[in-house]
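Visitor: One structure is given below, represented as structure tokens, and several questions about it will come after.
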Amino acid sequence: MSGESSRSLGKGSAPPGPVPEGQIRVYSMRFCPFAQRTLMVLKAKGIRHEVININLKNKPEWFFEKNPLGLVPVLENSQGHLVTESVITCEYLDEAYPEKKLFPDDPYKKARQKMTLESFSKVPPLIASFVRSKRKEDSPNLREALENEFKKLEEGMDNYKSFLGGDSPSMVDYLTWPWFQRLEALELKECLAHTPKLKLWMAAMQQDPVASSHKIDAKTYREYLNLYLQDSPEACDYGL
């Protein structure tokens with residue numbers, strides 16, 4: 001089965017056939033923010049693609065041939081070429097399909113976007129630590145650390161327009177959005193209390209057709225996380 005909302009393939013499943021000519025395939029998981037990066041770039045660029053969801057708690061044996069680490073996202077083209085790691089997949093798509101560039105051509109502007117991404121890079125591990133934290137006393141420290149990272153991002157928005165890279169969404173917006181989109185479901189939105197520019201940016205992103213097409217239902221996401229943290233093989237298909 002294929003499609004963003006399709007059930008995932010697990011251990012014992014047959015591997016999918018070759019990628020059709022003129023398409024690209026992405027191995028994904030419905031709730032994964034890293035895979036969401038790749039899916040958003042595919043949509044933003046209008047690239048024909050198919051989605052194969054992988055059960056990350058019950059991985060198919062053949063998937064390790066696509067990525068020995070067993071992680072999503074993975075891109076595969078009709079030539080059998082494989083690309084892994086979310087940021088690398090997005091850069092590959094921007095270069096392999098140059099019709100609608102998401103990174104700016106100007107070297108300095110592109111460097112600025114990459115500097116913002118470097119500043120943002122501490123956010124996903126902090127959110128992951130918060131999700132996995134079993135001790136309530138850890139929560140305030142993690143919240144404070146996350147708030148500080150958001151303040152650093154805010155300080156870098158000196159030439160702020162509607163979006164992080166200018167007047168319209170670009171690569172830096174799509175590479176950061178999945179974690180901001182999950183703040184409400186994780187009850188972390190108050191960490192933005194002292195970053196008004198980031199809050200305005202979030203409001204602008206919610207109006208973007210690509211960003212808004214990836215819905216995160218708070219209750220469903222929390223139930224998924226509960227199952228995922230218990231290593232349940234049912235987690236990745238929760239809600240289907």
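Count begins at 1; order follows the chain as displayed.
Glycine is no exception: its Cβ is also placed from the backbone N, Cα and C atoms.
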Visitor: May I ask you to name which of Ser86, Ser129, Ser170 Swiss-Prot has annotated as phosphoserine?
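Guide: The phosphoserine feature in Swiss-Prot corresponds to Ser129.
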Visitor: Three states by DSSP: which one describes Lys57 (N6-acetyllysine)?
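Guide: Where Lys57 (N6-acetyllysine) sits, the three-state DSSP reduction gives coil.
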Visitor: In the structure shown, with every protein chain counted, which of the recorded positions Cys32, Val72 has the densest set of Cβ atoms within 10 angstroms of its Cβ?
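Guide: When each Cβ's neighbours within 10 Å are tallied, Val72 tops the list.
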Visitor: Find the one among the recorded positions Cys32, Lys59, Val72, Glu85 whose C-alpha lies closest to that of Ser129 (phosphoserine).
Guide: Cys32
Visitor: What is the three-state DSSP composition of the domain 'GST C-terminal' (106-227), stated as helix, strand and coil residue counts?
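Guide: Computed counts for the domain 'GST C-terminal' (106-227) are 83 helix, 2 strand, 37 coil.
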Visitor: Find, for the listed recorded positions Lys57, Lys59, Lys152, the residue with the lowest Cβ contact count at a 10 Å cut-off, counting only other Cβ atoms.
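Guide: Selected from the recorded positions Lys57, Lys59, Lys152 on minimum Cβ neighbours within 10 Å: Lys152.
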Visitor: To the nearest whole angstrom, what is the C-alpha distance linking Glu85 (glutathione binding site) and Lys152 (N6-acetyllysine)?
Guide: 25
